[in-house]
Amino acid sequence: MLPVDGRQLENVKGELLKLKKKEAADCPTMAQRGQDRRAEETEEQRNSRLAVMAQRGQERRAEETEEQRNSRLTVMAQRGQRRRAEETDEQRNSRLAVMGQRSQERRAEGTDEQRNSRLSAMVQHARERRLNVIEGQNQHQIQTFYAARTVLN
C-alpha cells in the first residue's frame, strides 16, 4: 500500500465534500418533482398511495427484531424531543390546541361503549399507579428495616 500524506487526505476529503454539496443541491429538484406529482394526484390516488405506504410499514415492522423496534422507537422519541425543544411557545400552544380539539372530536364521535372502555382503562391505569406507589413504599420500608437491622447487629 502506498503511503498517503495528510495534505493528500485533506484534498480528497475536500473533493468528497464538494461532491456531496453538489448532490445536495440537486435534491431539491427531486423533492420538488415529488411535491408536484402529489399536488396533481386525485383523492383516490392519494388514498391508494398512503394505503400502500402503510402496508409496507406494517410488513417492515412485522419482520423487525425487538432490538430494531427499540432502536426505531428511541430514534422517534429523540426526534420528538428535539422538535419540541426547538418549538416556540406559540407553536407549542398551537400543537396542544390541535391535540385537544382532536381529542374532543374523537370523544364526540365515540359510542357509549367506547366511552365506557376509555373510562375503564383510565380507572385501571390509576389503580396500577396507586399499586406502584404502595409497592415502592413497601420496598422502601423493607430496605429501611434491613438497613436498621444491619446497623444494630
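Glycine too: its Cβ is placed from the backbone N, Cα and C atoms.
Residues or ranges marked as compositional bias 'Basic and acidic residues' in TrEMBL: 34-47 (among others).
For 57-70 (among others), the entry in TrEMBL reads compositional bias 'Basic and acidic residues'. With DSSP states grouped into helix (H, G, I), strand (E, B) and coil, the compositional bias 'Basic and acidic residues' (57-70) comes out at 12 helix, 0 strand, 2 coil.
The annotation compositional bias 'Basic and acidic residues' is assigned in TrEMBL to 83-93 (among others).
Here TrEMBL flags 103-116 (among others) as compositional bias 'Basic and acidic residues'.
Sequence annotations record features per position, and here TrEMBL assigns domain 'STPR' to 29-95.
Summarising the annotation, TrEMBL assigns region 'Disordered' to 25-118.
Away from its own ends, the compositional bias 'Basic and acidic residues' (34-47) comes close to no residue of its chain (no Cβ-Cβ distance under 8 Å at least six residues beyond either end). For the region 'Disordered' (25-118), the DSSP-based tally of helix, strand and coil residues reads 86 helix, 0 strand, 8 coil.
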